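Annotated features, as they stand in TrEMBL:
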| type | residues | note |
| --- | --- | --- |
| DOMAIN | 33-60 | domain 'Heavy metal binding' |
| BINDING | Cys114, Cys118, His202 | Cu cation binding site |
| DISULFID | Cys114-Cys118 | disulfide bond |
Amino acid sequence: MKILQYTIVLIFTMVAFQSCKSDSKDQAMAVEYQCPMLCEGDKVYNSEGTCPVCKMDLKQVESTEAKVKADNDEISEESIFNLTSTWRNEEGEEFQLKALKGKTLVMVMIYTSCKAACPRLVADMRNIEAQIPKDKLKNIDFVLVSIDPEVDTPERLKDFAIENQMDDSHWTFLQGTVGGVREFANVLSVKYKEISPIDFSHSNIISVFNAEGELMHQQEGLGVNNKETIASILEVTP
Ligand SMILES: [Cu+2]
């Protein structure tokens, strides 16, 4: 009887081990083949062969699935690209923060109806932007995140961008959800509190992130010396 029990356990273990092994094999096998001259554009084949157009041997490419997995793996634990909240920019386009991957990010949290600190924070952002060599601007995104997502709709953010001549492609304005904004503020150590239906008290912090979404530098205050902020931007921007 003991021997029978032992045999059953052994068989179960082997089956479990086998299926586990074939799973990982399937993942490793996720390769596709494509014409090296891209005769048929992005078309891929599941097996080796030759291109029906130019007759060259198809070359092995990583499957899209494997690429997506690799992209996700590249996000470090400290990166803001791990946040899964949904945002809309001033054009009304919806995306997650990881869509901003690949550029240096200079970020600040403001709200457009602020009469006190925010206009000065916006001026500080423009002052930083003005000191960046023009050829670097294409690799930098200056992002203004609203702390008042109920009022600051994409339309309103767009109007604000135009009024302040901040409608070049390197300026981005974001509307989040109430929870998403709160979560993002926590990551930046920005504190804010609604003090009346149209007013917030808030920290004045400008943050620099590298292209991987990792925090590199923060400056706190209004009209402060921004030399270190600019040095940090230039250091991480190709
Ligand atoms: Cu303000």
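All residue numbers here begin at 1 and follow the chain in the order shown.
The backbone N, Cα and C atoms fix where each Cβ goes, and this holds for glycine too.
Keep in mind that what you see is a predicted model, and the values were worked out from it rather than measured.
When the domain 'Heavy metal binding' (33-60) is classified with DSSP, helix, strand and coil residues number 0 helix, 7 strand, 21 coil. Here the binding-site residues are Cys114, Cys118, and the one with the most other Cβ atoms within 10 Å of its Cβ is Cys118.
For the Cu cation site, the Cβ centre of Cys114, Cys118, His202 serves as reference, and the other residues of the chain with Cβ at most 8 Å from it are Ile110, Tyr111, Ala116, Ala117, Leu121, Ile147, Phe200. Look at His202 (Cu cation binding site): DSSP puts it in a strand.
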